[in-house]
Amino acid sequence: MATLFIADLHLCAEEPAITAGFLRFLAGEARKADALYILGDLFEAWIGDDDPNPLHRQMAAAIKAVSDSGVPCYFIHGNRDFLLGKRFARESGMTLLPEEKVLELYGRRVLIMHGDTLCTDDAGYQAFRAKVHKPWLQTLFLALPLFVRKRIAARMRANSKEANSSKSLAIMDVNQNAVVSAMEKHQVQWLIHGHTHRPAVHELIANQQTAFRVVLGAWHTEGSMVKVTADDVELIHFPF
């Protein structure tokens with residue numbers, strides 16, 4: 001058996017091929033797993049569990065079917081869907097996890113997260129993140145009419161795209177010191193995360209031993225998952 005990890009699908013109505021690929025994954029590979037962990041940015045945007053978007057209902061039903069089949073499903077918020085709440089989690093049969101979670105998997109101690117908190121060189125993003133994660137601001141935003149939230153979200157995405165276009169790739173990647181600090185804080189040898197869209201397995205030193213950082217790929221033209229078994233930790237790309 002295996003435990004599966006995915007992230008950064010950025011599901012939206014404008015990318016039906018990704019949605020179709022995810023549905024096939026849920027109906028196939030996911031049903032064989034010990035557990036499925038979604039490490040954020042499942043959706044391109046999330047403005048509240050009360051959004052009647054048909055895609056959200058479709059995905060909730062599909063994930064719930066996996067959960068009902070006996071495969072526990074877990075979710076860590078990303079920078080795009082950090083407002084996904086308890087209502088959608090309940091509808092989809094997912095368990096919401098904190099932004100950093102340590103798992104004991106087949107004899108390995110593994111830290112999982114979305115990954116945006118590791119990008120500490122991007123001071124502008126980290127300041128924005130701290131602001132939008134304030135509970136009072138989230139409560140205020142979610143109390144706004146849906147059409148207002150949609151306008152605000154669209155403006156924020158446009159501003160983010162413009163800001164990122166002028167940033168270097170290095171600034172938007174993880175900070176190595178932040179990686180080591182997180183792994184040593186939790187006393188782990190393995191870290192699995194997404195966010196950067198740069199799939200790779202990196203070897204480093206943490207806790208005075210060889211350690212590994214596994215980065216999930218985004219679902220653009222193919223799927224990406226990390227498959228953890230008793231024998232191996234694999235970063236796998238597969239066609240939709």
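Cβ atoms here come from the backbone N, Cα and C positions, even for glycine.
Not measured: the values here are computed from a predicted model.
Annotated Mn(2+) 1 binding site per Swiss-Prot: Asp8, His10, Asp41, His197, in sequence order. In the three-state DSSP scheme, His197 (Mn(2+) 1 binding site) is classed as coil. Counting only same-chain residues at least 6 apart in sequence, those with a Cβ under 8 Å from the Cβ of His197 (Mn(2+) 1 binding site) are Asp8, Gly217, Ala218.
Annotation source Swiss-Prot lists Mn(2+) 2 binding site at Asp41, Asn79, His114, His195. In three-state terms derived from DSSP, Asp41 (Mn(2+) 1 binding site) belongs to neither a helical nor a strand segment and is classed as coil.
The Cβ of Asn164 (substrate binding site) lies under 8 Å from the Cβ of Met172, each on the same chain and at least six residues away in sequence. The annotation substrate binding site is assigned in Swiss-Prot to Asn79, Arg80, Asp122, Ser160, Asn164, Lys167, His195.
Close to the recorded Mn(2+) 1 site, the chain also has Ala7, Leu9, Gly40, Gly78, Arg80, Gly194, His195, Ala218, Trp219: residues not among Asp8, His10, Asp41, His197 whose Cβ is within 8 Å of the site's Cβ mean position. Counting only the Cα atoms, the space from His195 (Mn(2+) 2 binding site) to Asp41 (Mn(2+) 1 binding site) is about 8 angstrom. Note: Asp41 (Mn(2+) 1 binding site) has non-local neighbours Ala7, Asp8, Leu9, His10, Gly78, Asn79, Arg80, Asp81, His114, Gly194, His195, Ala218, i.e. same-chain residues 6+ apart with C-beta under 8 A of its own C-beta.
Fewest other C-beta atoms within 10 Å: among the binding-site residues Asn79, Ser160, that description fits Ser160. In this structure, Lys167 (substrate binding site) belongs to neither helix nor strand by DSSP; it is coil.
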